[in-house]
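Encoded as structure tokens, the structure appears first; notes follow it.
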Amino acid sequence: MRKTVLIIIFFMLSMQIYSQEKIGLVLGGGAARGLAHIGVLKAIEEFHIPVDVVGGTSMGAIIGGLWSSGFTAAEIESIFLSSEMMNWFTETSIKEKLPIYYSINSYQTLIDLNVENNKLIMPEGTFDDKIINFGLYAFFAEIDNAINGDFRKLWKPFLCTATDINMDRPMIIVKGRLENSIRASMSLPVIFKPAKINGRALFDGGMVDNIPAHAVKDSLGADFIISVDVANNRRTSEKRHFNLMDVTFTLIDLLTANTSKDTLEPMGYYVRPEVGNYNGYEFNKVQELIDLGYKAMKEAAPKILEKLKRTEDYPSYRKDLIDNFIVFEGRIIGEIEIKTQNALTKNTILNAIEMKPGSIFSYDKLRTGFYRLYAMGIFSSITPEITYDKNNKTLKIIINAEAINYNIISIGAFTDSKAGINIYAKYEKNNIFNYGGMFNVYGFAGNFIKGASLNLFFPSLGHTNTIAGIYSNYHIYKYFGVWTNTFDYHYNFHTTILFGNNYGAKSVFSLFWGSRYKKIAEDDLLKTSFGLYYVENTLNSVGENKSGIRRSFMLGINVPVHSFVFNEISTYSDIFSLNNFQQSYFKGTGNFLNSIKVYDKLNVSLFSSAGLITQMYKNQIFNTGVSVDYPMMRPTFEFKYLFDRALTGRYFVSAGMSERFYVNDNIFIRNETEAYAFMNQMKNDFSPSFIAGTRLSLGISTILGLFEMGGGYFKSRTDTLDRSFFTYSIYLGNPIEKFDILDTY
């Protein structure tokens, strides 16, 4: 009798458990608004709301995929509040790894175009996806290794949706690699290039089904669905700011196929965080959006629990609940396989990631190495595959690297109240001989500058830190006088060879050898130089509010030929015999800038420069042609396109300070104060021994480059005369500045 009762009780309990509703959580797409899902998950865990299966689209796929993979809501919140996550939609982390040799003798450009087989390659998306792709891989690599392609084996069975643009229908993804599937689900048109899975180009799932409740019901068997809607509110045009980003995301919102509340509510429960008025690009409001999601689910929790009649306890560590889950970090690497074009490129990759068989695996090293490789402009895509060998208890790493096979054409321009209109273009080819070399040619045309530049650089001879480069410039500058309205043409032609050592990514110390021809007004000079060159730069742009330094110097022996006639020089050795080193001299120039980020709105920079020319032996007399080579200075912004022979001297030194106050991301106010001292000028018509002044300017970042307008007051002093004068300038375009001094030596 007792046995019969127990069987009946067991049967009834089994039926009750079996009859429990399977609860699905569906997280909709909404770009930055989708960050509210993190707050929703925090409330679900806090109030013990049960969830059996999860589905998501776009941002909902990322956050839902992380949670289904065993990340806690607190861990997901920490991820999205991190500085690395803030860089997902920029290339800042990659640009910071840009080797300094790519910046030597280079100029900023405004437009970059890719050309392959004489055809222009249009970009497939507004934003680069390199950082996002690696971020997704780092999140899901260990999980993918455990589940072997089946999303039903996750801590919470999961699916995401994407849009097959060719078939105009949703693709429900429950198998494959998580990072690829989620990347496809978030491929916002215009913003990102489409993801490819099994040869199919896939876009954001929200284009056909932004809240895939029916997919979760049909594919994962959910009976009761909690739908979270973070779509926009379809704002009126009066409330909209028509900047480029707003228009782009507004178009995306219009392309999104939203599911109505009337459709979703009967399937379970509908949650709508108050995020509809936020822009899709406002990823800087992470905490604010998370809090709104938490508030919405907290208010809904009592009603949901009343409907479900059960709760769920969420363990703090859930990944261990996934069969075969293994942590990669800190494990020994057994094998590294590089799949790319040739052995030279393979060694470049191994050097960049700083890991080899027998090393301890580190995601940070892998990430840093990938960013270095991307920064070099050699590879269009780098994809890792990591698996765990149970027998050897080691990791196997496969790196698939696709080299860039296109050339780059870039255009830059600027206009200035003193320099007029100037346009320049660049042709660039990277990865010369599949060896990481870089070749580019600039062409200049305008009121201020005409000419060309050619650069050929090999960063890593023999896969060591040794570097070599050849730089040639032929420039004609039209400089307006400081004290008069007259102008001079300055001719400058040089070829310089560098051979030295690359220290990290941000500094180069090398020997240099070169020839240079200069002509200013009636004076000219041909010289050969050799000596030491050093350049260091930890700032991508002076305009950014970041801490860092820029410094460079050149010191060498110069062997001149003045008042020469070309047909009298039959061989290069004649230069040395003509001069017999009697007119040789030492020359040194140097620049220094220290940028200090005081806080988000304020940057203070300290800067200085110096130059000298001195004899090689006692009582040496210089020919007047050497004056063409005297170090040149241009105080502050207004003097960038001004020049006067009076502003040269055998010795000069300067120091100054600049403060930038950032009104917002695009507008700043700048003050500069500088002082310059000169000694032993060659020209005596008006040779100031001292110049000091200050200026105030307003700068605005525009789609055409930097717009800056300002004015200043300067005071100069000579032995017999003091002068005061006001200056002004209006500028628009790419700042034609170079942090190195190769072109001015």
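Every residue number used here counts from 1 along the chain in the order it is shown.
Backbone N, Cα and C atoms are what each Cβ position is placed from, and that goes for glycine too.
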TrEMBL annotation of motif 'GXSXG' - which of the ranges 56-60, 541-545, 671-675 it falls on: 56-60
When a 10 Å sphere is centred on the Cβ of SER58 (active site, nucleophile), how many other Cβ atoms does it contain? 31
Taking the Cβ of ASP204 (active site, proton acceptor) as the centre, count every other Cβ atom within 10 Å, in any protein chain shown. 30
Which whole-number value in Å describes the distance between the Cα atoms of ASP204 (active site, proton acceptor) and SER58 (active site, nucleophile)? 6
Take the domain 'PNPLA' (25-217) and average the pLDDT across it for me. 88
